[in-house]
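Input: a single structure, listed below in structure tokens.
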Amino acid sequence: MASKEPDHEHREDEDAPAAEDEDTGAQVAPIVKLEEVAVSTGEENEDAILDLKSKLYRFDKEGNQWKERGAGTVKLLKHKETGKVRLVMRQSKTLKICANHLVLPTMTVQEHAGNDKSCLWHASDFSDGELKDELFCIRFASVENCKTFMEIFQEVAESQKSKEENEDASAAAKSLERLSVEEKKAEDKVGEEKAVATKEEKETEIDNTIKADSEKKDGEATSST
């Protein structure tokens, strides 16, 4: 009999009507305030000179086969200050970088044999956090996009060659200028040393003359006594 009492009391609690919520008009502030955070892509100081959707492959030397790196957007980005251009490609869904390398004067791009929508090139790629020599193949949706990519890629490579030659010429000019300045300094130093030596010689000559006159006078004074 006693064992049934808790069940009876529990049923009464269940049957009791729920109290209605009262609107007190109070406003509850959120416990954590989230602030907007600016996300850096690393492309803020670069201008895009090419932006095309494509699919990228790399040649696996060990397996002797092509492996897909991802589908997304390939970009050629020109730095606003240095003028250097790099190729960057991210996967469309994850935004993971699947290609990241500078476009150098020594690079050339060529059509993939048997597929006029694809092309190939070699590069020292940094997408995995370390430089690796890679053979890339990229495929576009149309022949026109592939031709556009190849033309702009080659133009950039050639422009970087001109830029490199200008930098070499500028560096050579600075070296010559520095050399001329150093030679002038050396000449000035030699001139200063000669002037000092001449001054010392004159001072020595004057001292010798004074000494000789003094000895002469001393001799005359001795003979007169």
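Note that Cβ sites are derived from N, Cα and C of the backbone, with glycine treated the same way.
Record features, source TrEMBL:
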- 1-13: compositional bias 'Basic and acidic residues' (COMPBIAS)
- 1-29: region 'Disordered' (REGION)
- 14-24: compositional bias 'Acidic residues' (COMPBIAS)
- 27-162: domain 'RanBD1' (DOMAIN)
- 158-225: region 'Disordered' (REGION)
- 175-202: compositional bias 'Basic and acidic residues' (COMPBIAS)
- 208-225: compositional bias 'Basic and acidic residues' (COMPBIAS)
Check your understanding: Tally of helix, strand and coil residues over the domain 'RanBD1' (27-162) according to DSSP?
Key -> 20 helix, 65 strand, 51 coil
Review point. Over the domain 'RanBD1' (27-162), what does the predicted model average in pLDDT?
Key: 92
